[in-house]
Each structure stands twice: as C-alpha cells, then as structure tokens.
Amino acid sequence: MSYTIGGETGPWELVIGLEVHAQIISKSKLFSGAATEFGAEPNSQVSFIDAGFPGMLPVINRECVAQAVRTGLGLDARINLISRFDRKNYFYADLPQGYQISQYDQPIVGAGTVEIELESGETRSIGITRLHLEQDAGKSMHDQHASKSFVDLNRSGVALMEIVSEPDMRNPEEAGAYLRKLRTILRYLGTCDGNMDEGSMRADVNVSVRKPGEAFRTRCEVKNVNSIRFVMQAVETEARRQIEVWESGGVVEQETRLFDPARGVTRSMRSKEDAHDYRYFPEPDLLPLVLDETWVAALKNDLPELPDAKRARLVRDFGISAYESAIFVMERATADFFETVAKGRDAKLVANWMLGDFFAALNRTGRNIEDSPVSAKNLGALLDLISDATINGKIAKEVFEIMVETGDTPGAIIEARGLRQVTDTGAIDTAIDRVLAANADKVAEYKSGKEKLFGFFVGQVMKAMAGKGNPALVNEALKTKLG
Amino acid sequence: MTMLDLTIAEALDALAAKRISAVELTEAHIGAVEALNPRLNAFITTTPDIARDRAKAADAARAAGNAPALAGIPLAIKDLFCTEGVRTTAASKILAPFIPPYESTVTARLKAAGSVMLGKANLDEFAMGSSNITSGFGPVENPWQRADGAKLVPGGSSGGSASAVAARIALGATGTDTGGSIRQPASFCGIAGIKPTYGRCSRFGIVAFASSLDQAGSMARTVEDCAILLGAMSGFDEKDSTSADRPVPDFRAACARGVKGLRIGIPAEYRVDGMAPEIEKLWQSGIDWLKRAGADIIDVSLPHTQYGLPVYYIVAPAEASSNLARYDGVRFGARVDGEDLIDLYERTRAAGFGAEVKRRVMIGTYVLSAGYYDAYYLRAQKVRALILRDFTEAFAKIDALLTPTAPSAAFAIGEKMDDPVTMYLNDVFTVPASLAGVPAMSIPAGQDARGLPLGLQVIGRHFDEETVFAVSSAIERAAGFTALPGLRAGATP
C-alpha cells in the first residue's frame, strides 16, 4: 500500500522533487582566486571579482568543473561535454554584480539516478534531472544593528552545484532517504562536505498533492530547508496545507514558501505575480565550457568506490549482513574503519563490536569516527586478545571502556591492571572449591535437580576470580566438580 | 613644426637619437593640455605628476640602454580603462568618486612599454553615445571648426581621445569600440583609429558596456602610429576568458606591405539611401586609389547589413542593463541614501545615471524580459549569426572590405539631439563589424564641402589586422590628408 494522507474527500498522494544546493569543496571560488574557508572574518575572503567591481571578469576554476563532473559521474549521469553559463539577473545587497552566474538551459550534467533504501528494505530509483554549476551570493545580516543591515561577501562567488531531482518521491521518508543518500555520495566523492549546519548543503522542496491516478497538480516550492528532519517535516506540513486548500474548494497557487519549524507551518514568501523575472541570458564574459572527453574519462577512472558498490562488496568479502553493511557504508570513514579492523579477523565479531559498544561509545562521547578515541588498530588488537584467550569477553568490555577514556592500547591496559585471563586450572579449582564450600545448600539443591543454579555457580566463581577466569575452563571444571 | 606635431614613430626616432628627451616631450604636452583642455574638455582628469614621473623613468631607461617600446610617448587614456590610484569615471556621475585599486591589462601593458599617461580622456557616459554629449562631465569639443562657428561634436564614444589626438595635445590615445566608438570619432576628428578583432586586447579592467562587443583599440594621427600602439596593447590575458590565446603579429611591419594583388570588396548594401554625395565621392576615390596601388576591386554583398543597427540596439542594451546592475551605491561609487534598500537603489541610480544610460538600461531590461526575450534578444542573436555569416562568406572571395566610416561629417553640439534614433544612425557603417567581431579601421581620407574631415573604413578577417593596416596605409598614402584642425596646440586662434 503506497503512502497517502487521508483527507475528507479520501486519500491524497504526495509528489515531491528536491533541488539541492551543494557547496563544492575547492580551495578557491568558482570564478575568482579568493579562498572559500568557512567561518573566516567577514569580508576577508573577497576579491574584486566577488565584489562586482567595474571591469572585473570571471575566470572559470578548473577544479570546480572537475568536482561537478565527478559528482555527475557519481550520480551515474550524462556529462555534457559542452555546457554554457548564463546570467540570472536580480537586485539584492548581497549580490554584488546584480546577477548570479549560473547555467540555465545547457547544464554541465544531465540525467542520472540515485538508488535509495527504505526502512522496509525496499529500494527505489530516484531520477536526477540535471546538475548545474553556479556561484553563491553573499550573506546579509539583519540582526547586528537596530537599523542597519550588514553584508558579508565571503560566500559571494563560492561554487555551488544545484542538483535537481525528478518529482519521483512519494512520501517524507523517501525525501529523507534521498537526501541522506545524496549526501553520502557527495561525501564519498569528496565534492561536498554535506554539512547542512554550515549551509554547505541546502534543499528547496517542491511539493504537490493529487488524488491517486491523477496527473500532477500545481506545486509549491519550500525554500532553503537546512536539515533532513526539517525537509521531511516540511513535506508533510506543506502537503497537509495543500490538501486543506483543495478540499475547502480553493486552488493551490504556484508560489515560493518558507518552512517555519518552530511553528510547524509553511508561509508564503512571494507569489507568482511578484516572482522575479530573472532575465536569463548567455554570460558574455565566458566562453562555452567545453570538456575534453579523455579528461572526463580520467576523472571517471579516478573515482573512489561508491557506497552501493562498497555495500555489495563488504557483504561479499566479509560475510556481514546487508543491513550491517548499509550502516557501515553510510560514511566512507566508517566503512574504512570496518575494513581495517575486519581484515584477517572474524568480520562478524568486528561488526558486532562496532554496531554495539563502539558506536555507543562514539555517541556517548560526542565524537565521530575520524577522531574516535579508539583507533581501528587498537580495536583490532582488543579483538585479537579475545581470540587468543588473553582476556574474556566480559573483561574485554571493561578494557574497551578504559580505551575510550584513555586512548591507550588494550595490551598496556591489561598489563597495567592485571586483567589477563586466568587459565591456570589450579587457580580455577581453588576458586570453585571455595564457592562450593560456601554454598553447600545450593550445591544440594543443584544435585537434587535444580540445574538452573549452574549459572549462579559460574557467576560466583567469576566473581571470586575478579572476572578474569577463562569462561570455558570454569564451565568445564564446574561440571566435573558438581558431578 | 613643434614636438607636438610629431607622429609616434617620429617621436620614438627623436627620443632614440636623443634629439629630444621624454621629459621635454611630456612637458610640451602637459603645457598644451593646460592650454587647450579648458576649451576642448577632452580630459576628465589630467595626471601631470604621473606623466612627469613616467617621463623621467623613460629617460632613465633610455640612458641605461633598456628603453621599452613606447618609452616616453605621451598618451591619453580613455576614462573607461581602470587605472590604479587614478580616478576612473566612465564619464558617469555614479563613478565620480571611484578610484580603482587595480589597473586594466591594456593600460598595464602600455605602462610597462614606457608610455606616459597624460590623463583620463572624456567619453560618452559608459561609452553609450556617438557624440560625447552624454558625458556626465560635460561635452567634448571637436578641434575642427565650421565656418558658422558652431561647436562641433568629436563623435563618440571615444570623443575625448579623438579630440586630444587631433588637437595635438596627445600623440596617441586608447579607445574602446562597441559599435563604432573608435572609428566614428576618428572619422569626425580627422585621425586614424582601429578596433581590432574581438579578443585581441584584454577587456580586464575596462568598465564594461556590452561585453560581447567591447574591444579596446588605438587612436593616433597615422596608421603606423595606430599599429605601434596596438602592438603594445594586444595579447592573451588569462584574466579575460574571451581574450585570444594567439601570437601578436608585427602590425607596424604590415603597414608597409602594399596592396598589390589584394582583393578589396565593395559591399553594395553600404550604399544607403540619402548618402551625402561627398561621402559617395570619397568612397569612389578610395576605390580608385586602391585600384591604382594594384588591388583588385570586387563587388560583394553583405545581405543582412540593414539589420545591423536593430540587432546592435537590442544586444548592446541587453548586456548593458546587466553590466550596469552593479552600480547600486552599495560598495563603491556615488550613493544616495534611501528609506530602505530599494529606495537606495532607485535614488542612487536616478541621480547617478544620465538619460541615455537610463534609456538603454530600460531597453535592455525590456528585451530580456519574460515574454519578450524570444522576440527580441533571441531573434537578434540569430540575426547576429547571419551578419557574421555575411562576412565569412564575403571573406572567402576577398581580403578586405572598403566602406565609408560614418554617414556624415561631424555635426554641431545640439544637432541631431531631438531623436535618439537619428543619433543611432551614426553607427550604421560601423556596427556590422562589431557584431561580427572582425577588425576595422578608420583612416582620414578627405574633407566635406565645409572642410570637415571624412574617414574611410577598412574591414578585415578575424585576427587579420595586418591586412587592415596594409590597406589603410595604402589609402593614407594616396589620400595625402594634411589638413589641420583650427583648434590645435601651437596654432594661433
């Protein structure tokens, strides 16, 4: 059963398309040599080109073009060997030239696809319409002064990719899954850091509703949504608003809206009537962008393994489940970490540890995998110490927690704290004898058939040995002693 | 004859032979500027201190035996070229306070070649005009005079440059040409001027009017002088993506090539209705001179010529409307504060732009608007491609074209001012070469009945300025144009 929202007149389907603005990772801007670092002093990374000074001309940054092509290849999309830049004209204080250089009808990348996985395990293909290059505007700040606005042009001219999807998504979950997957692919490619908090990835959400079986109805665009959760909320909020409009006999007008997450509503930003007339025309300061086929082929050759391929390979090579693999490949660093640890070890055990204690520790300490207190090498060493029976699983968890705190190697921790597993059968026997002697009543009960008590004896023996007894040897010796 | 009457070639010889010094040559020009500029208004800003410094440096370089190509040559720089630390206005009030912190590539090259900047030459506001009356800093006067005593326009937009060179207060000048802005004022002022192939000179640092048409070029009193200057101005610049990455030929050497065996095309469509008989006659003289010099004359057709003006007056304003959006009072130039952002824009642009600039910004905005784009801008681009094709097809049969430069001699300030379209007709012969991006040069070739100079235009193939110089030199030699304007340095008024 497909996703619908029930209205008074029956069920409504959702139609969703996303336009994602992804900031390209590059040292300098799309058309100038100014730096792009986030968080610099306002107006410290601005060239005369970015500030729109008289007589300044744009010069395309080759690396930004390469990043767009890599992204296109990563989205399995057509690379247009000839594309063109256009000017999108409008006035605003943070748009120094009075126009944005963008690509209107001949973008650098054409149709492609993104595969998404849903919680049900089902996968879906979402079409990519196009990807084009454009420059970002500066930032207006209205909250610095009672009556004045300030403008920071550091972002002015930074390279963006606008990635436009087909209206292929049908519910908020799919929209969320698409964005997550797109973000993963961009991060794998190293073309965008996907950081929505810093604004390096932002989404415009196109939403319409319809009765099942109908053609598309009018859509509205919810602008500049800056988290995946908000995108999913915005879809539902806007869909419900439109259903109400239709069902109350109204007509949904095509317009641009803003999502207010605090109030859980979308608000009209500007209607079709006051929509900008951008007066697009070909940018006369730039020649058409012509790509060399062998250059594109070389970029393709150098692409990293992408998440879908990696997920299949981890399942194939390491025998972990598709579910486990999907979690690992979400971030390239996580998959790399897993592979490093799992190489030559029991991959199933590695997967269990990572999905359990390891991720829990990262969550608890608020760290990410790149600056994890427990390195892949140290986690591997810990698992080796379990495999060669130097420590048992219970002690291993203890050692792991100390590793999280101190960053020390498991070997050092074990030596320093005397946590080495006891395999000396004499010591085990002594501990068992003491436990049995102290619990004569329980021994009698056990012997009269209450076999459940066996676990109690194991626990008492391990406790007496400060947890360091080899569990297999303890079990075996206990069985012998209890007859 | 004084130092002010030298050509650039002669001045370079005199400097090399140490008959004169760069300081002497420069002081003579500074004095001439001081004497005549109050009348001509050819310069918006004069830079005598910079000129003296550069002249001293040129003399020092020459003494040390490493004088660059133009060491000590005093020039007027059209005030559309950004000059580091020197006010650059584009003749617009909106840029009146603007001092660029950077140098245009062309002027940087001229500076490196040792030339001496006398000042920033007046022009039509943002280079929009054919008479120099649209300047926000007052009109320029043509040094040529009519018997009725009316003050004549120098043409435009490079009117200050043309007036200064003709009046002998500069040996040469830079100009820019978007639809005829070098050639038409050269014709009106009796000097030579070349608009090279689009892409020959870098546009970096030149205040943009219509980016797909704007091209820098040189203006001087002889064809050879134009060749010398253009050689120093030209060349690939990685800061301008539309500049051409190809070697710069020896333009000066090309002037002496001769025209023997060259095929010269005479386009039928340039014989427009109502053309002044004296212009028609001058054109015929040009044909005869070239024939006598050994060229073959071939009648050709450029069938889309009549659409040149309408196409130009759609494409150029369209690009201008976008290029001029940056003059908003926010970051540089003049600002008139307002109630809010929109009010600030409106007040700043209302006060800062003159009527002609406003007219073109509105035309350009209109032709790019939703619903009109296809009918105007897109169609104009298609016709522009046909005009280019006209030239390409003609140049399969010929080596250069010969036409008049302008449909009339210089007119008086105040004439042709009522109807902007009449003014636009000045560009009828110059606009097609701009739209096609091919090189074109105006050479002083004769005078009308009232003694005012008239020019002929030579148009060449893309990047074949050499043939343009060769043909222009042949016309120059045959025409023997020696008349002098009444207003000139050293003349008794």
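Cβ atoms here come from the backbone N, Cα and C positions, even for glycine.
As given in TrEMBL:
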- B:LYS78: active site, charge relay system (ACT_SITE)
- B:SER157: active site, charge relay system (ACT_SITE)
- B:SER181: active site, acyl-ester intermediate (ACT_SITE)
- B:24-468: domain 'Amidase' (DOMAIN)
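Sequence-distant neighbours of B:LYS78 (active site, charge relay system) (same chain, 6+ apart, CB under 8 A from its CB) are B:LYS120, B:ALA121, B:LEU123, B:SER158, B:GLY160, B:SER161, B:ALA173, B:THR174, B:GLY175, B:THR176.
In the three-state DSSP reading, B:SER157 (active site, charge relay system) counts as coil. The two recorded residues, B:SER181 (active site, acyl-ester intermediate) and B:SER157 (active site, charge relay system), have Cα atoms 5 Å apart. In sequence order, B:LEU123, B:ASP124, B:ALA127, B:MET128, B:GLY129, B:SER130, B:ASN132, B:THR176, B:THR178, B:SER181, B:PRO185 are the residues near B:SER157 (active site, charge relay system), counting only same-chain partners six or more apart with C-beta under 8 A. Reduced to three states, the DSSP call for the residue listed as 'active site, acyl-ester intermediate' is coil. Mean pLDDT, taken over the domain 'Amidase' (B:24-468), works out to 96 on the 0 to 100 scale.
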